[in-house]
Amino acid sequence: MVFRKLPGVSASGMGLRLSQKFVFLLFLSGLVTLCFGALFFLPDSVRLKRIFLSKNENPAVTVGSDNELSKKVPGDPEHLRAGLKGGEGANVKLKVSRKPSVTHGARTVERSVGSRAQDERSPARAQEPAARDERVTSAAHNGERASAYSYEAFKKCLLKPALGKNKGTPSDSETLQRREKVKEMMKFAWDNYKRYAWGQNELRPLTRNGHIGNMFGGLRGASIVDSLDTLYIMGLMEEYEEAKEWVQNNLNLISNGEASLFEVNIRYVGGLLSAYYLTGAEIFKQKVVELGEKLLPAFNTPTGIPRGVINLGSGTSWSWGWASAGSSILAEFGTLHLEFLHLSQLSGNPLFTEKVMNIRKLLNKIEKPHGLYPNFLSPVSGNWVQHHVSIGGLGDSFYEYLIKSYLMSDKTDQEAKKMYYSAMEAIETNLVQKSPGGLTYVAEWRGGILDHKMGHLACFSGGMIGIGADDGPTEQRQHYLDLAAEITHTCHESYSRSATKLGPEAFRFDAGAEATATRLSDRYYILRPEVIESYMYMWRLTHDPKYREWGWEAVEALEKHCRVDAGFSGIRDVYASTVSHDNMQQSFFLSETLKYLYLLFSDDDLLPLEDWVFNTEAHPLPVIRKTCLQEHGNPLV
């Protein structure tokens, strides 16, 4: 071989340098091969592959068969990270709640961070939107079939008019007067929101400005969407038309922010669905189907269990940074079923139903400790992460949606029925307790050890157990109704034992305490609805007048302690005679608390329970009577 000779360099020198180059290139190519091999073959390769694969090439395993369900990521590091916590609550206190100043989690999260940070967005964040093609396909599918849904056919399948014969107007004057007071409270809250925070998510009544927050991924108008059905039910038609016009002209679904899948679903999807079913306005159907499409990429995980956070623009999803080992939360992925079945009905697209049925399929397949459902599940491996069980925060609405799925199916969903009553049996065996003073409560369970506390969020369970009583085993029906009444009584006691007659965020049954908060951090009240929700259901089921009396006590307490010059505000300590306000009028106060109070003081034919179920944000969704819908020309999905 002939080499070009360079000045000052001998032929032998040139040969030596070429050999060095050859060895260096050989070493470099080996290193590159080793690195790429590591990326694609080490145990956590699924996440790393997403960096290099195209967005249309999804490495995730979807839940479509028993074989697919059994596929796991080898050596899943989720389990290794679970051990870093040093036991539940060692360094981080997690509590699902709707505390206004915090933005993460099922009904948001309050946390106290110890020595180590938990704010990294979890290794699960790099979930690329492989379902983008799924959304496009779904949109095209919707264009063909959404128009086939007939609102008139739907109305023919209701057993009774949604608003009753006389809009639920009670016959006795005292009850009517109380209902009118609740309506006035709603108008007062709405007018101040409109004056000081219009188009933003929530009102800050003390400072008279709006709050946006970052739970909704850049979406705006949470209080507007949450209030649509409440305004309509109460006959506040001018305010309803204002809200409808805002949705039509200003609800922009083009967003690139980080949204809670759970919160967007229960507030926006639920609110738009109920507004459509109550009014027939096409704009609500168009908006809700479009928004539903944007939530689908969250399900692109190896198990089909959705992650808790999604970017509504890119479709990227990840788990909450605070969630144990990058897990998904039971109360989040378990609170989609009602809304997604209706999205399929309206859009003609079965994909929404398939997604939530896959969740149920996995839950039925995996082992439940003592028949209980822990609060944390890995979306990668499909295994439980920690054995913390609660019917309150982190778990609550999963159980609610089991019995309501059965009821919403016109009592044909036998799988949901079986899951609900099996869960109830496990809860009674392991969690339901009686205090020395005779109060029935539902404790929390941490790996076999009971924590004798009950959160305000758990107080929905009185109503839940009540509406499920009639369809339980014959010999258990009265028992369930009695249990519902006992739990509702306990939650009322948490209100009556405070100075303000409003209940704390959590109350305990240990160290001599009964139905009272023993920790300063549990003494706040943020306009929550769960206790009043149970009053409403128990009134409908029993017509015991005490439930209306208890509801009126709550109205008087709200008026005295939470009403301020420019709206309603939560308070920081229910045991203080002089209250301190938190400066937040929560959107769920308009959607849930005031709606349940209004229904409590209305006749039963206003949104009759034979025709309607309420999602966990109190948005009424109709029972799906498939045979009737098909007979009247609505295609089944």
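Think of each number as a place in line: the chain as shown, counted from 1.
Any Cβ shown, glycine's included, is placed from N, Cα and C.
Because TrEMBL annotations are produced automatically, they should be read as predictions rather than curated entries.
Annotation comment: TrEMBL describes GLU263 (among others) as active site, proton donor.
Other C-beta atoms found within 10 angstroms of the C-beta of ASP396 (active site) number 28, with every protein chain shown included. If you look up TrEMBL, you'll see ASP396 (among others) marked as active site.
Within 10 Å of the Cβ of GLU505 (active site, proton donor) there are 25 other Cβ atoms, across all protein chains. According to TrEMBL, the feature active site, proton donor maps to GLU505 (among others).
Annotated active site per TrEMBL: GLU530 (among others), in sequence order. For GLU530 (active site), the count of additional Cβ atoms within 10 Å of its Cβ stands at 24 [all protein chains shown].
Marked as Ca(2+) binding site by TrEMBL: THR616.
The C-beta environment of CYS459 (disulfide bond), restricted to residues of the same chain at least 6 apart in sequence and closer than 8 Å, consists of ILE487, THR488, CYS491, SER494, GLY503, GLU530, VAL531, GLU533, SER534. What TrEMBL lists as disulfide bond is CYS459-CYS491.
Here TrEMBL flags 97-143 as region 'Disordered'.
The transmembrane segment feature in TrEMBL is assigned to 22-42.
Across the structure, THR616 (Ca(2+) binding site) and ASP396 (active site) place their CA atoms 9 angstrom apart. The two recorded residues, GLU505 (active site, proton donor) and ASP396 (active site), have Cα atoms 14 Å apart. It is 14 Å from the Cα atom of GLU263 (active site, proton donor) to that of ASP396 (active site).
There are 27 other CB atoms within 10 A of the CB of GLU263 (active site, proton donor), with all protein chains counted.
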